[in-house]
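Q: Before anything else, here's the structure in question.
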């Protein structure tokens, strides 16, 4: 979901709250073609890319079956899979035509059975039983293609990629290109980006996976606009920020000096409503100091450094007569050490992890395990409250194929929810999905190791990490929960809110999408 940002506050002081998104990884964008291709479709040196911010002549179809429409990396390779695909030896070509030897099908089957018995003996049934599961699997795939079952064809293609069955993978990619569209049904739109991820995964491996993509970055103002649209049409981000702010306000209700450390602050939009809430507190507002941690990707989308955030929040605080300080820490979360946080005695400390920790590599990626290191660091500071908001998805250590299926199920729900509130003819909807969601999808599918930065975990796993770091749950506020329920009344009734196991879950129909909790 992209970095936590918001457009300019009207007249610099109008109350508003805009999204805070995980940062888009700009290293996706390369101008050179991919290397290390396993196969090619045609002999062309033009790099492909479907993740463009605009489409020629207003056409929004990602792929087509013409010679100029392939999204594949169009490099020559040692093994020309196109030739294999059309070879008479290709076992995955069209089904065998029916026999013209006899019209008596039962008689033909009987004669073949007699021949089997003579040639193979009585053990031929064992051979048949060994072959049949594979044939059954193949029949399921061909049936899904004939029925145009896009979701099942995507799964089958991912399985072929996982099994390194390049011939089947290429055939299914050819079929998928005719089935997906960024202007179609939710599954067609998501399918376009998931197919892009499969193509990128096959085209390269290791450090060259990113080079399988050639993307055009939108200008920072355009990116902010896309994020704002997504923020308005989906309640997921408002839910996360409201639940976190509610926990912080509750924990700090009697404090005179409050220090908030925000990992990946973006535009600082989360704190506009909290500053206003503190201003209205009986007995007067506390002194508020915010330490904003941010990296270069958010600076790009914001159009400048953290001084932009400092000026905006300082002006707002002055308007509401709230004593305010801002401490800028322009760095990635992996670089943060205690000295960067400037904790002072006498301050009540709150730490905010909103859509951020899943970007930190853990023990499966790095021996330093920054995910747990940051939690231990924060615990050593004795915070009054720590808030966590994350996508409820399991893509961190899962192997490729189950990770693909999890991503398909998760983003299907998200694309369906967008479809309800943002009309398909909305001129910016394609850009919203492309620049705020599609990059994450491609990263999850195409990348491994340190280059896979989208590494979500379920709340149960986060709960274990917090407990191992020494934290205990901070109780949820019934008032905040009631406020969020009221918020959801403005959206489709297929959204649902559920409180369980010390966490608050926002979902679409039967799928949890975002989870929030607090710790101390």
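Using the three backbone atoms N, Cα and C, a Cβ is placed for every residue, glycine included.
What TrEMBL says about a protein is an automatic prediction, not a curated fact.
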Q: Out of 253-257, 258-262, 263-267, 268-272, let me know the one TrEMBL marks motif 'VHIID'.
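A: The range carrying the motif 'VHIID' annotation in TrEMBL is 258-262.
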Q: With TrEMBL as the source, identify the stretch among 11-43, 110-142, 308-340 annotated region 'Leucine repeat II (LRII)'.
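A: The listed stretch tagged region 'Leucine repeat II (LRII)' in TrEMBL is 308-340.
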Q: Looking only at the motif 'VHIID' (258-262), how are its residues distributed among DSSP helix, strand and coil?
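A: For that range the per-state counts are 0 helix, 5 strand, 0 coil.
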